[in-house]
Amino acid sequence: MRESLKNSKRLVIKVGTSTLMYGNGHINLRTIEKLAMVLSDLRNEGKEVILVSSGAIGVGCHKLQLPVRPTSIPDLQAVASVGQSELMHIYSKFFGEYGQVVGQVLLTRDVTDFPISRENVMNTLDSLLSRGIIPIVNENDTVAVEELEHVTKYGDNDLLSAIVAKLVQADLLIMLSDIDGFYGSNPTTDPDAVMFSEINQITPEIEALAGGRGSKFGTGGMLTKLSAASYCMESNQKMILTNGKNPTVIFNIMQGEQVGTLFASKKEELSHDRTH
């Protein structure tokens, strides 16, 4: 299964706030610069790359010198507005250093749920990729709401990245997080925690092993990553969860090395076997 990853042509890379930001709330420019280098090199190699990036609120908090993440929706959305602009400025600068053009794509759940607008998103992403542009996707946190009558929020970018991977029929979703993979117990408190190399089915037992929220500047936790993995597997797609502290790990993944946790259903493996 890992060996087949070498043939992946269309990739979705998801990077979380914990990878983009230091724990003290400052922007991790070194990691972002490395990420831009890796994705640019993949483009040079002939791969198609889509980046799903969190961080608008975290970067906004830094830009506005806020010590903690706001709690009210208007404040969060105002901070996201500032942060998204700053985040794209940083990405444009770093990707530009490697000769790449990036394009911003901000989505809300109603857009990808409604057939006509969903098709429009698919066409837009295809057009960007065909022009050699790297789409940078984020939820439109400035306008997204979560109400009973009108839900437009995805809840987190883990699910958004899985939805994008399905929309563009990506060969692989690589989720960069602050953990090396999916463990049987919490590796921060259990030194003997064992990491799963591959998971073929999200069982109640697997779900029970996940718990807790993400960083103070982000929203995701292991449960949201499992939900994204489940979405991918139901769509007959593959996802790898790994640590994003050194984005060059993506090169190792693309060489078929045993990095992180691979989520892939058995039926995906069977369909792959039939085509080879």
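Every residue gets a Cβ built from N, Cα and C, even glycine.
Annotated ATP binding site per Swiss-Prot: LYS14, SER177, ASP178, THR219, GLY220, GLY221, MET222, LEU223, THR224, LYS225, in sequence order, evidence recorded as sequence analysis. What Swiss-Prot lists as substrate binding site is SER54, ASP141, ASN157, and the listing cites sequence analysis.
Candidate binding-site residues: SER54, ASN157, THR224. Fewest other C-beta atoms within 10 angstroms, THR224. Cα of ASP178 (ATP binding site) to Cα of ASP141 (substrate binding site): a span of 22 Å. THR224 (ATP binding site) carries a helical DSSP state (H, G or I). Between the candidate binding-site residues, ASP141, ASP178, the densest Cβ environment within 10 Å is the one around ASP141. Comparing Cβ neighbour counts within 10 Å across the binding-site residues LYS14, MET222, the minimum falls on MET222. Note: the Cα of ASP141 (substrate binding site) and the Cα of LYS14 (ATP binding site) are spaced 17 Å from each other. The two recorded residues THR224 (ATP binding site) and SER54 (substrate binding site) have their Cα atoms spaced 14 Å from each other.
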